[in-house]
Structures are given as C-alpha cells and as structure tokens.
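Colleague: Pasting the feature list from Swiss-Prot:
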{"type": "BINDING", "residues": "VAL83, GLU84, SER85, HIS223, GLU224", "note": "substrate binding site"}
{"type": "BINDING", "residues": "SER85, LYS86, ARG252, GLY253", "note": "NADPH binding site"}
{"type": "ACT_SITE", "residues": "CYS184", "note": "active site, thioimide intermediate"}
{"type": "ACT_SITE", "residues": "ASP191", "note": "active site, proton donor"}
Amino acid sequence: MHPAAEDSPLGKSSEYLDTYTPSLLFPIPRAPKWAELGLAAENLPYRGVDVWNCYELSWLLPSGKPVVAVGEFVIPADSPNIVESKSFKLYLNSLNQTVFADREALRQTLARDLSAATGAPVAVRLRSLGEVQEQGVAALPGQCIDELDVTIGRYGQPSAELLRCDPARRVEQVLHSHLLKSNCPVTGQPDWGSLVVDYHGPALDPASLLAYVVSFRQHADFHEQCVERIFLDLLRLLEPGRLTVYARYVRRGGLDINPWRSTGAVVADNRRLARQ
C-alpha cells in the first residue's frame, strides 16, 4: 500500500459534509509509485493526463435553487500528486448546499482547489446533462482482442514476459480489451476497466497482450500506476516509433478515472463507454 494512502479516508467511515470544505481533498504523492517503476519526476518517458468524470455534482444558485452537472477534471500526468478518490468524492459532496454566483464561479473554485491539491494546473469543465446525452456512448477504436482463444493461468502479478512481438514486421495498430481488472491497494475492491494500445512498431501479438492484460486481475494498485506499468512494459518490448496507452475505468462513488500515457502529445477523447 502507498504509505500516504493509509492516512486517507479510503476504506474508513466518513462524515459527509454538505458545505464547501476544500480541506477534504487528500493528496497522494506520485513519487513512491514512480520509484517502484524506476522512474522519477525528471525522467518520465511519457506525456499524459488523468481525466476524472464526476456524475454526482450539485450546488445552489443565489436563489437557493439546486443545479446539477457532470464535471470533467483533467490532471497532468506529471503532477506531483494525485487526489485520493474518496476524498475527491467527499469534497464534491461538500458543494451540495453551497451557493455559487454562477457556473463559472464554481468552475474557478474547483480548478483552484484541485490545482492546489495536485500541485499542477487542473483543467475543469462543467457539462450539462443535455450535452452529455447528446454525446452518447462511444466504442473503443481498433481491434478487440477479448474473443481470442487463449489459455490463461496467471492472475497474481503483471507479467511482462507474457508479451510477444514480431520484430521483422512493423505495423500501425490499435488494440483494445474490456478485460482489464485490478484491485484497490487500500480496500481490495475490484477496479474494472477497458484498455487501448495504439502504436507504431514491431507487430504485437494480440493473444499475448490479452494474457498480459488478464495478469493484472489480482494485482493491487491505483488506476494511474496500472496504466503506467502497461505503458512501460510495451515501451521496453516494442521500442516503438510512437505509443499511446489509455484505460477507461468503471465509475465508483460517482467518479470514473481515465489515465492516458503517450510518447507524444495527448488529446484525450473523453467519451464514456457502455460500462461508464
């Protein structure tokens, strides 16, 4: 478990406040998890973002009338901290009985508080329900590998040695799977996700990628670190011309987390999937 997570609200009973309380946000440093992967802030081999979507966001107008919206929060992947998810939920719930002059006043407040907690500029967008409905449900790009006939016997730890490629054949390819699962390192609760691998390089064997994805099934780690581990394992194997790895996780507590890691600039396509 991440040492800082032991002091977070995750896995503990909590009092739900309904008036604005920014101190509820609980930062967790990324550095210890980077160190586990042999990384440090000054030598990250990727660019990226973590996109959080909040479906339980409400506040009051000056008239006392409630408003609801869907919040989108984009956190840089090189920010010093992430925000522990339950503390994020508690913070957002503290807005429920708080008056804001208008939507922009709330957006600025959210951006200020989350930027302070993560140590980096956080972009905030508040979307109306009509906008979200119009956007609809998206399908992942590329080839789905989930129906491949493979025999799998490893579920405990991510196993990079399962991955195989053909160095003699270079391709542009997008593969995806809906079978990503890991466990919260604090509570042990399952984290369900869908994974996309978009690359240019030696042809990755799809069946080996599927076995590798499933090897995370009993692994305990945060969403962000799982995606970073996958990115690094593929980067080492393929030495690709370009590589983007991202996952869209099923929401819990009204929040879903969607980490993107890439060798190039990231433009996150933040459209929800059927399970989100």
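Glycine is treated like the rest: Cβ placed from N, Cα and C.
Because the structure is a prediction, the values reported are computed rather than measured.
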Colleague: Return only the integer: C-alpha distance in Å from GLY253 (NADPH binding site) to GLU224 (substrate binding site).
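Modeller: Pair distance, Cα basis, whole Å: 17 Å.
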Colleague: Run through VAL83, CYS184, HIS223, ARG252 for me and report the recorded positions whose CA is within 10 Å of the CA of ASP191 (active site, proton donor), in sequence order.
Modeller: CYS184, HIS223, ARG252
Colleague: What does the structure give for the C-alpha distance between SER85 (substrate binding site) and ARG252 (NADPH binding site)? Integer Å is fine.
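Modeller: So the Cα of ARG252 (NADPH binding site) lies 9 Å away from that of SER85 (substrate binding site).
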Colleague: Based on Cβ atoms within 10 Å, give me the single least packed residue among the recorded positions VAL83, CYS184.
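Modeller: Looking at the recorded positions VAL83, CYS184, the Cβ with the fewest others within 10 Å is that of CYS184.
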